[in-house]
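Novice: Attaching a single structure in structure tokens format; questions to follow.
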Amino acid sequence: METISSVVGVADGLMLFVVKNHGLYLLDEKTGNTKLLQSPAGPIKVYSDFRKNVYVYGRDGIYEYDWKHQTYRLLLPANGLSLDGMQVDAAGNIYFASPGNGLYVWNRKSGKMTQYLMDDKRPHKTICNNWTSEIRLDSRGWLWCATANGVSCMDTKTGYFDIILSRPLLEGKSCYSTLELPDSRIAIATEMGLYLYDRKKQQTTPWPHSESISGLRIYSLKKDARGNLWMSTAQGIWCYDSKAKSFFSFEKGNGLLTKEYLAGVAGSTPDGVICYGNSEGLTYFRPSQVKDYNEKMSAIYLSEVLLDGKMAPFIGDNLSVPSDFKSIVLNFSLLDYQSVGNIVFQYRINGGKWISNAAGDNSFNFTGLSYGHYRIEVRTYCNGKYSIYNKVIKLNVLAPWYLTVWAKLIYLSLVLGFMAAVIFIYLHKKKRDLEEAKMQFLINATHDIRSPLTLIMEPLKKLKERLGNAEEYHEDIDTMDRNAQRLLTLVNQILDKRRLDKHQMNLSCRETNLVEFSRGLVSLFTYNANLRGINIRLEMPETPVNAWIDRNKLDKAIANLLSNAFKYTPNGGEIIFRIEKQDKKVLLYVIDSGKGLGKNDDAKTLFERFYQGKNSADMHLGGSGIGLNLCRSIVRLHGGDVYAHNREDGKSGACFIIELPLGKEHLKNNQICLDNVGTKKKQQRGAASRNSKILLVDDDIEICRYLKSELSDWYRFVICNNGKEALKQLLSGDFDLVVSDVVMPEMDGITLLRNIKGNANISHVPVIMLTSKSEISDRLEGIKLGADAYLAKPFSLEELHLTIDNLIDNVRRLKGKFTGALKQDDKVEKVEVKGYDEELMERIMKVVNENLSDSDFNVEKMCDEVGVSRTQLHRKLKEMTGVPTSEFLRNIRLNEAARLIREHKINITQVSYMVGFANNSHFSTAFKKYFGMSPTEYAARYSE
């Protein structure tokens with residue numbers, strides 16, 4: 001059966017009830033037969049007054065209904081109201097509730113309709129809440145309204161309201177039903193139990209002996225012939241025995257289909273049949289025939305013990321558990337299974353407060369118990385009665401091992417070990433700090449090296465191109481270029497090691513033929529070998545040996561070993577490069593014919609940072625001490641290792657071996673590059689205008705002269721040697737772009753960038769940072785402050801040129817077109833490209849310019865005149881300008897105001913009105929927030 005939405009008793013043993021979405025039915029309690037009756041269409045409810053007149057009401061209104069002849073007549077149209085609960089008094093007046101609309105009273109004689117809505121200012125003239133669950137007339141003609149916030153009582157003769165609230169008993173609680181009792185008392189059903197209101201004392205109290213239903217959601221109240229109180233709840237049907245002064249319940253399993261009942265769906269017949277509706281159907285019974293649950297509770301038995309989810313053996317009622325247990329579950333049982341679904345098990349520990357389980361739940365879970373002895377008492381409760389004898393369980397949680405005597409010896413050992421660890425960490429930190437200081441010194445030195453490198457390498461390329469066929473100079477130029485490249489390699493080794501230390505170097509591995517790869521790498525050293533008469537012998541397999549490597553990084557490791565071999569091999573000596581493929585790995589050998597490793601050189605220490613070998617010092621061939629350490633770091637990043645020993649063939653010299661795993665299983669997904677064929681993106685230099693003005697900031701005058709000489713055909717340059725001078729130029733001039741070094745005297749590049757991006761007048765100027773500090777932290781700081789590009793020295797002149805072109809081109813496309821936050825020399829109306837967005841922006845700018853002085857022109861009017869919705873306009877402007885619509889409009893007005901102030905033709909008050917600000921104070925506040933200064937200060941600055 002579907003959900004029952006309404007029920008009412010109409011005669012002895014006969015009930016009318018409404019099935020949701022099906023209609024009105026008649027039920028004969030004696031036979032159990034139901035009959036579908038003719039009724040108005042749509043969702044309806046049924047009501048019977050004290051004269052046994054029946055009414056049905058729904059979305060169309062209230063009908064008088066003759067259930068015997070199945071006829072009905074519209075009495076009161078609903079006029080769009082939702083009706084929920086009604087009463088009819090002796091005069092035939094109708095009272096009905098409407099969800100959210102309060103209480104209505106219809107006077108049958110006059111036809112007048114009166115509405116009562118909640119009004120805190122007139123508490124005794126209207127209802128206390130507009131959401132009413134039930135209304136009910138008592139014997140004196142008072143109307144009781146159970147609402148979502150307490151109960152209101154209305155004198156139907158005078159219209160006076162009495163709000164039944166007793167803080168904090170009913171205030172804030174949803175009330176569902178009321179019932180008139182003898183001696184001027186009213187029972188009130190709420191979401192938190194049952195309450196009693198005494199009209200004589202005007203006092204609300206919890207129902208006596210109602211601890212067992214405290215917190216229970218009670219939906220309806222009915223009284224039987226013996227004076228017992230019956231309740232439908234969210235936990236079945238409950239009864240209050242007025243003689244025993246106790247509660248007992250009937251839940252699912254006691255002849256009920258479900259334990260969840262519905263609010264307001266209750267009724268009774270003249271001969272005492274009580275009926276309740278729920279989502280499963282209709283429950284009806286005669287209270288006199290309901291079995292009385294007064295039998296004694298049986299004994300309690302411990303039936304099962306679960307320790308950490310596993311069954312544990314036990315004997316008797318004494319339990320011992322280890323200290324490291326996570327949870328212990330005690331299951332109890334009764335010999336009587338008849339009403340097990342209604343039995344509530346309770347427990348308390350060491351005489352504390354009783355804690356209840358849900359009805360039918362016979363297990364207790366204990367977690368987080370510290371070691372010690374516990375006395376657990378268990379009892380049962382059912383139908384208002386407790387078990388006669390409590391079950392007592394003695395639980396002993398054993399002490400943990402760390403509180404035993406021998407554990408203290410461990411503590412002492414730990415303390416001594418901790419002290420030793422502190423000393424070791426201190427010494428290790430001291431060593432690491434020393435290495436860090438050395439590394440930082442080398443990194444700082446690269447700043448002074450990279451700037452000269454830029455001035456050496458780029459002019460060398462230009463010089464070689466200009467000399468053309470003058471071959472006699474090419475060899476000298478190539479020698480200079482090779483040495484510059486070697487110096488750059490040393491600098492890059494230092495920076496690569498720094499990135500490895502900071503975990504900022506990632507692999508991009510491709511499947512590579514190590515034979516061909518190694519041949520090409522060794523060939524780079526042929527020129528040096530020929531000069532010194534060194535024989536390079538290659539011992540490689542004839543078949544390819546494929547491995548997954550990052551070519552750009554592994555060649556640094558191999559080149560480092562080859563460089564060391566050439567350094568220690570005398571003229572006329574021999575260097576062997578060998579590749580051996582084994583089962584799951586490949587070995588790369590670099591064997592020289594020098595003195596070999598010293599007696600005191602440990603193979604592991606050899607690869608430590610800044611370590612200098614004994615033979616290296618004896619031969620006065622000292623290096624930076626970074627190369628071998630970098631080599632090991634790169635190889636280990638590939639999942640391999642590198643080690644060294646002296647030659648074992650009877651000849652002098654050292655043997656360095658790189659061991660690499662085959663396959664790619666050892667690599668992470670982000671370390672594998674499946675695209676083995678490199679692609680080069682075509683770049684097209686933008687046609688920058690000769691009128692573009694660039695501010696060049698660098699303390700190295702040679703760099704400034706070089707850039708100006710190479711790029712002066714495309715741009716106009718202004719040169720500054722520090723950030724302080726550059727900021728002054730920016731504030732007084734008009735520049736299209738800034739190219740700045742980072743490390744400078746007086747004001748460094750980062751501070752200059754912060755001042756540019758923090759000043760509304762110049763924040764739009766793009767900034768390119770040039771630095772020899774290539775650490776990611778330095779770049780991140782510049783990017784966070786708004787740097788538009790970041791190039792590391794030595795940089796490519798072509799890359800710098802393209803970057804400048806692109807940034808200036810972007811600014812020109814955006815300037816005066818897609819943002820209202822840029823400076824306006826005139827009102828912007830030109831749009832170059834006629835795409836959809838450009839045409840929309842053209843319409844927007846046209847509308848804004850035409851209404852700029854109208855203070856009433858706002859976003860809504862802009863939408864109307866542009867012809868798009870507010871949502872669409874906001875979304876498109878956000879995409880094109882990065883600012884909301886209101887901020888876009890305000891920025892245009894403020895920039896136009898700034899232009900007018902700079903012309904000094906009208907005063908500031910007139911300016912504010914001309915750009916659409918009706919309030920001078922609001923204009924000054926908005927102007928200062930946008931430009932960082934008041935209009936007066938702005939005018940003063942441009943008058944200087």
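Heads up, the Cβ atoms here are built off N, Cα and C, so glycines get one too.
In case it's useful when we look at the structure, here is the feature table from TrEMBL:
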- 401-427: transmembrane segment (TRANSMEM)
- 444-664: domain 'Histidine kinase' (DOMAIN)
- 693-808: domain 'Response regulatory' (DOMAIN)
- D741: 4-aspartylphosphate (MOD_RES)
- 842-941: domain 'HTH araC/xylS-type' (DOMAIN)
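Surface or core, plus neighbours and distances: that's what I need for these features.
Specialist: Below 8 angstroms of C-beta separation, residues 323, 371 of the same chain, each at least six residues beyond the ends of the transmembrane segment (401-427), sit close to that stretch.
Per-residue pLDDT, averaged across the domain 'Histidine kinase' (444-664), gives 81.
With helix defined as DSSP H, G or I and strand as E or B, the domain 'Response regulatory' (693-808) counts 51 helix, 24 strand, 41 coil.
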Novice: Long-range same-chain neighbours of D741 (4-aspartylphosphate), Cβ under 8 Å, sequence gap at least 6?
Specialist: V697, D698, D699, D700, I703, G749, M769, L770, T771
Novice: For the domain 'HTH araC/xylS-type' (842-941), how many residues does DSSP put in helix, in strand and in coil?
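Specialist: With helix first, then strand, then coil, the domain 'HTH araC/xylS-type' (842-941) has 74 helix, 0 strand, 26 coil.
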